[in-house]
Amino acid sequence: MAAPAREPALRCCIRLARVFLLLVLACEVAGSDEAEAREGAASLAGSCGCGTPQRAGAHGSSAAAQRYSREANAPGLTSGPRPLALTKMVPIPAGVFTMGTDDPQIRQDGEAPARRVTVDGFYMDAYEVSNADFEKFVNSTGYLTEAEKFGDSFVFEGMLSEQVKTHIHQAVAAAPWWLPVKGANWRHPEGPDSSILHRSNHPVLHVSWNDAVAYCTWAGKRLPTEAEWEYSCRGGLQNRLFPWGNKLQPKGQHYANIWQGKFPVSNTGEDGFQGTAPVDAFPPNGYGLYNIVGNVWEWTSDWWTVHHSVEETFNPKGPTSGKDRVKKGGSYMCHKSYCYRYRCAARSQNTPDSSASNLGFRCAADHLPTAD
């Protein structure tokens, strides 16, 4: 009975979220020409649960990072099935790294300047939170996501059935491939006629920042800071575009789930996926993290700002307040001509109540959570 009284407020929130997304996507389109123009320069920026058995590189040593990079660039690399580990967290060692870049590809995102950052050791989920993980949380708590409360979420048009599209009469003006779909949520990623059947090991979608925090709290974890996330993404390598080096496809091999073809009209799926990939797809980076770029955007704990000090910082946590939260890593929808944000230094933002069909998360922790 309380729902009708809540409905006007929800409609207002939905309108605000849609306006914000429109602005963000407009910025993405505006920045695409610059990103494309800088492609050559980017290529020349540098050379190219608990107690589980540890994967090679899980401790994040420099040797592991260099081995990962060498393997990525070595001939004849093949990718076979990799079983999920018994625990979902790997240790990330304390260290110092260069955060951001002095060669920003999308200036308005605040990628610059490069600055020296020190982080303490912590733990990071090896995988993005999966549908199976999130379902355990929902079954345990009865939690309703914000997309479920609002009654809709944004879905990429290319993933929708014709039946669903016939009921949609609006789109984001600056990016008409984004459609607000009634009934779209984590259980129904492409709308009411879709399901997560056979996708239990894919990343959970349509989770807002608030939803992600709720899950992390339940799991005895937290969201990573932007600095922790970027440090983890780099996997022990310094000043590289991607977790494995500077070449997107070393020796023709795919290391991330991003868009292939002409966005948004044709995705060839050359990497094996046209939508999300399983959370254990593709080789892990030097710290043992899978899909740290591509697949789905990942929330961080930081409030958004584009102003950064060049002074050295220790365990930075971002601004103390704001209206948007930082997300990192890009998604399966990212293409260099449109959204060149699958680089470690790249970043974007969204309101804490926003959700979409390419947005997920992974957790961090200061210590390994104890089992109940």
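Here the Cβ of each residue, glycine as well, is placed from N, Cα and C on the backbone.
Secondary structure at Gly294 (Ca(2+) 2 binding site), taken from DSSP and collapsed to helix, strand or coil, is coil. Residues or ranges marked as Ca(2+) 2 binding site by Swiss-Prot on the basis of similarity to another entry: Glu128, Asn291, Gly294, Glu298.
The Cu(2+) binding site annotation in Swiss-Prot covers Cys334, Cys339. DSSP assigns Cys334 (Cu(2+) binding site) to coil in the three-state reduction, outside any helix or strand.
The feature disulfide bond is assigned by Swiss-Prot to Cys48-Cys50 (among others).
Proximity of Cys363 (disulfide bond) to non-local residues of its own chain (separation of 6 or more, Cβ distance below 8 Å) is seen for Met89, Met124, Asp125, Val129, Tyr215, Cys216, Ala219, Lys221, Arg222, Leu223, Pro224, given in sequence order. When secondary structure is read from DSSP and collapsed to three states, Cys363 (disulfide bond) falls in the coil class. Positions annotated as disulfide bond by Swiss-Prot, on the basis of similarity to another entry: Cys216-Cys363 (among others).
Positions annotated as disulfide bond by Swiss-Prot: Cys233-Cys344 (among others). For the recorded site, Cys344 (disulfide bond), the DSSP three-state label reads coil.
According to Swiss-Prot, the N-linked glycosylation site annotation covers Asn139. For Asn139 (N-linked glycosylation site), no same-chain residue 6+ apart in sequence has a C-beta under 8 angstroms from its C-beta.
Per Swiss-Prot, the feature region 'Disordered' maps to 61-80.
Shown for the region 'Interaction with sulfatases' (339-358): DSSP residue counts in helix, strand and coil, namely 0 helix, 4 strand, 16 coil. Residues or ranges marked as region 'Interaction with sulfatases' by Swiss-Prot on the basis of similarity to another entry: 339-358.
What Swiss-Prot records for 1-31 is signal peptide, and it gives similarity to another entry as the kind of evidence.
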Spatial separation of Cys233 (disulfide bond) from Glu298 (Ca(2+) 2 binding site) - C-alpha basis, Å: 11
Environment of Glu128, Asn291, Gly294, Glu298, the listed Ca(2+) 2 site - residues of the same chain whose CB lies within 8 A of the CB centroid: Pro203, Asn257, Val279, Tyr290, Ile292, Val293, Asn295, Val296, Trp297, Gly329, Ser331, Gly360, Arg362
